[in-house]
Amino acid sequence: MIPIHKDDELDIRFACHSIHHINSKGLWVGDDPFMYSVPILLFQLSLVSIITHCIFILFKPLGQPLIISQILGGVLLGPSMLGHNSTFTTKIFPARSRLVLETLSVFGFMFIIFLIGVKTDPTIILKSGKRAFTIGILGFFVPYVLSALVALLLNGVLSLDEDMFSFLPMVVSIHSMTPFPVIAYFLADLEILNSEIGRLASSSSIISDLCFWLYMTLSYTVHIATEKSLSTSIESLLCTAIFILLVCFGIHSAALWVIQHTPEGKPVKERYFFSVLIALLGCGLIGQVIGLNAFIVPFIVGLVIPDGPPLGAALVEKLDCFVSVILMPVFFIICGLKTDVFAIQKLKNVIVILSIAVVALFGKILGTVVPPIICRMPLQDALSLGLIMSSKGLVELALLSSLNTVNVVSDECFTIVIISVVVVTVVVSPLVKALYDPSKRYLAYKRRTIRHLRSNEEFRILACVHTQEQVPAIITLLEASNPTKEHPIHLFVLHLVKLSARASSLLIAYLPREKPSHQLCQSERIFNVFTKYEHENQSHLTLHCYKGISPYETMHNDVCSLALEQRTTFIIIPYKNVNRHLNKNVFDKAPCSVGVLIESRNQESVPYIVGQSSWSRVAVLFFGGADDREALAYAKLMLENPTVNVTLFRFSFSSEVLEGSARRKLLDAEILIEFRRDATDSERVSCEEQTVIDVAGLTAAIRSLENAFDLVLVGKHHAESQLNCELKKWNDQGELGAIGEMLAASDFNGGPSVLVIQQQTRVWGLRDPDESLRLRRIHL
């Protein structure tokens, strides 16, 4: 907590004065009407944006985050480089425009912190385990103690001046803190927000952040009691406590009222949206009056607003783009404009601050690496966690900027600390990218395929769902899979939700409400359908439901990690064009076999009848290869359902197979012999041999299946042949393989539902390339 200062009052008065003097034409109407205008502001913002993006493009191959480009953009325009020329500064950043930019950056920072608060789930603290608590606490106090000792030692050796020595506690604090907003942005930039390390870092950073602010509050209270009186210190704490309680109960209650009065699926009314913004600015003003720091108030206001739809999502949707594209770059540019390398005069000050930064980095890594290693986390992952927790960004720069504004820190010390923050971030980011690969943990240590499923083993299936409309097709497929007491199905349902209005990802088991409610969310409606299906198959099927909220780009991490954790044999993913990226990543990284379900447009409205599969006519397209063998193995499993009839289409080519060993041909022949033996014993099984010459002939053969079957099973990849090479040339862009893409094509109207299957490709230590055509050896 920092009391309001005269400079802050000047900024506020200047902002009000600026707004008052902008006329209807958008020009400044002060002493000099041409000194500053809205077009100049737009020019400055455009210049900043261009330079920042150019630097970002230049540094992106080096693995640097956007924040580095934004800071370096400010340094380039500031007194360290171009701004060192007085003519450039006078023309591009005149004094009056600089004040407006700084005021804009203050408001920008408020909205940035507010949005992070809105995206944050406060219950994550209660959900954090002992490991996260230990990492968070040690991650702050270990670097703080070590760097503080080094600061005292250097002061005794180098005899620092009084101003520098008084600033060292703040340097120690800045390099010891681990702000949650910084970690959230860093994880999102690295696209590991919903990885195991990402979730642990998010939880630990909140604990570490809480330790930092509790320590700062205690220090501020002791400082007030020492400098003024104990009664003044107690009054300050009481004012702060009352203010926080009013925000928690007042604004939180109002937010809940808005949510209750917003119908599901309907947008939040504009007047509610603007009321939240007015409340934010009002709370910010009150917080400054009673001495609360500008970091605390917006975050608390955002924190009490429930994340997710409708209110939290509406605020993020309306503000996120404006804040991240315009206000956030302005904030970083202002920090860069304040950085002046020519202000550095004493080498010993550089040595002291950089030494503290290095020791704090070592202490941070030590404090956050030891607990995970004790919990048997791999050293490489633990080191990655320590580096993530050491990253610097938004909050540290804002704290430094505010101290520089009120002249608590000199330009020299400010510049040195900015350099140390940038150096730490520049080092950390590429190291984390090099050390941590979430997909490495998705390796299975045994074959998890339908083909290798033993007769007395339960069939463990992970069914992924995006919307409620996809549920009937999945249940119909489960019914065709014939869950029985002898061959039970252990079903895991994962509702995948795109991360929106949240700063941290989530993967949790679903727990039904203790009290039934008429207002059910989409996840509850989806899970209720599967729960009903479980009750109708009590002795045959076991159900577990999960909900995953994550960025779309890394949604596959939730799928693969849950499949690995629950040792599933098969993953079912509904097909949609917008999900192609997800399908591709799951195919590449899944620890078991995968099937993408393409629902027939003609069967979308077919009602589901309990105990009777509407997919009674099943076709298998067999070209040869591991994926086709997996599809045929699934068809054999379906044959145990007395309502299912299976037809095998064995395609052969007039051209000789180009690739494929004797081992592959032996495995193909083995499963074909088994299936044909079943065909002789059952009237529900038939086999057909078809010879094709070219792509046109194959297309015609596949089109003949349009109205003859309810479900078609096909492998993603097939045995290599001249025809297969031609198919790849025709369509090798999709993730379903050439035949799968043909069946999924929009002009394949009226066709059956399709399940494109890929056999497990990631198995530890399996080196037989004929066991799967795309099996690859994993190097760790």
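Backbone N, Cα and C define each Cβ position, glycine as well.
Database features (TrEMBL):
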type: DOMAIN; residues: 52-433; note: domain 'Cation/H+ exchanger transmembrane'
type: DOMAIN; residues: 618-761; note: domain 'Cation/H(+) antiporter C-terminal'
type: TRANSMEM; residues: 34-59; note: transmembrane segment
type: TRANSMEM; residues: 66-83; note: transmembrane segment
type: TRANSMEM; residues: 103-120; note: transmembrane segment
type: TRANSMEM; residues: 132-154; note: transmembrane segment
type: TRANSMEM; residues: 166-188; note: transmembrane segment
type: TRANSMEM; residues: 200-222; note: transmembrane segment
type: TRANSMEM; residues: 234-260; note: transmembrane segment
type: TRANSMEM; residues: 272-305; note: transmembrane segment
type: TRANSMEM; residues: 311-337; note: transmembrane segment
type: TRANSMEM; residues: 349-374; note: transmembrane segment
type: TRANSMEM; residues: 414-436; note: transmembrane segment
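Under the criterion of 3 or more C-beta pairs below 8 Å, with sequence separation of 6 or more, the transmembrane segment (414-436) and the transmembrane segment (200-222) do not qualify as touching, having fewer than 3 such pairs. Confidence for the domain 'Cation/H(+) antiporter C-terminal' (618-761), expressed as mean pLDDT, is 78.
Nonlocal intrachain contacts for the transmembrane segment (200-222), taken as residues 6+ away from its ends with a CB within less than 8 angstroms of a stretch CB, comprise 1-2, 120, 124-125, 127-129, 131-133, 135-137, 139-141, 144, 173, 176-180, 182-184, 187, 193, 233, 236-237, 296, 368, 372, 385, 388-389, 503-505. In this chain, the transmembrane segment (311-337) lies close to the transmembrane segment (272-305): three or more C-beta pairs between them fall below 8 angstroms, excluding pairs fewer than 6 positions apart. Scored by C-beta pairs under 8 angstroms, the transmembrane segment (132-154) has its highest count with 349-374, from the stretches 34-59, 66-83, 272-305, 349-374.
Distant neighbours of the transmembrane segment (272-305): 1-4, 8, 106, 109-111, 113-120, 122, 181, 213, 236, 239-240, 243-244, 247-248, 251-252, 254-255, 258, 262, 311-312, 314-315, 318, 395, 398-399, 402; these residues of the same chain sit at least 6 beyond its ends, with a Cβ under 8 Å from one of its Cβ atoms.
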